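Going by TrEMBL, these are the annotated features:
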BINDING   Asp97  Ca(2+) 2 binding site
BINDING   Asp99, Ser101, Phe103, Glu108, Asp136, Asp138, Asp140, Lys142  Ca(2+) 1 binding site
COMPBIAS  1-15  compositional bias 'Basic and acidic residues'
COMPBIAS  17-32  compositional bias 'Polar residues'
DOMAIN    84-119  domain 'EF-hand'
DOMAIN    123-146  domain 'EF-hand'
REGION    1-32  region 'Disordered'
Amino acid sequence: MRGGETRGEERDAAKSRSGQQKKSRCSESVSELLTEPIFELVSAEMAMSSILKADDIKKALDAFKVADSFNHKKFFEMVGLKAKSADDVKKVFHLLDADHSGFIEEEELKFVLKCFATDGRDLTDKETKTFLQAADKDGDGKIGVD
């Protein structure tokens, strides 16, 4: 074991290095939000369902199933995010921030619906750019948590 690593961390690091461990873009953030070891295997979809109602997520995804129909304000209202606490909104943000940079960049934004459910579709380039433009408060090409 390397300095400070537990046996589980060493095993996970070895699997990751060997390519045996496959995670979705969104699920990488889950283990950082949930500290208990058993939760390391929880998918982003399950993490979202612990914050938002699964039925609301399904209805919202169904409403925007057609390409170029996505409206971020309506989507977040439909999944119930607007009614959640600031802490819950930050938890969702961190699940969407797949590279853990503290920002959601255009490439991550394209896959935002897959973070809510694995069968969610990719946003089109047009939807992605529109969403980014609306949510990018300072014009730096990325969305911050605040």
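Yeah, the Cβs are placed from backbone N, Cα and C, and that goes for glycine too.
Feature map: annotations from TrEMBL on the structure.
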residue	record	contacts (Cβ under 8 Å, 6+ apart)
Asp99	Ca(2+) 1 binding site	Glu105, Glu108
Ser101	Ca(2+) 1 binding site	Lys142
Phe103	Ca(2+) 1 binding site	Asp97, Lys142, Ile143, Gly144, Val145
Asp136	Ca(2+) 1 binding site	Lys142, Ile143
Asp138	Ca(2+) 1 binding site	Gly144
Asp140	Ca(2+) 1 binding site	none
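For the binding-site residues shown (Asp97, Glu108), fewest C-beta neighbours within 10 angstroms: Glu108.
In this view, Lys142 (Ca(2+) 1 binding site) is surrounded by 18 other Cβ atoms within 10 Å of its Cβ, with every protein chain counted.
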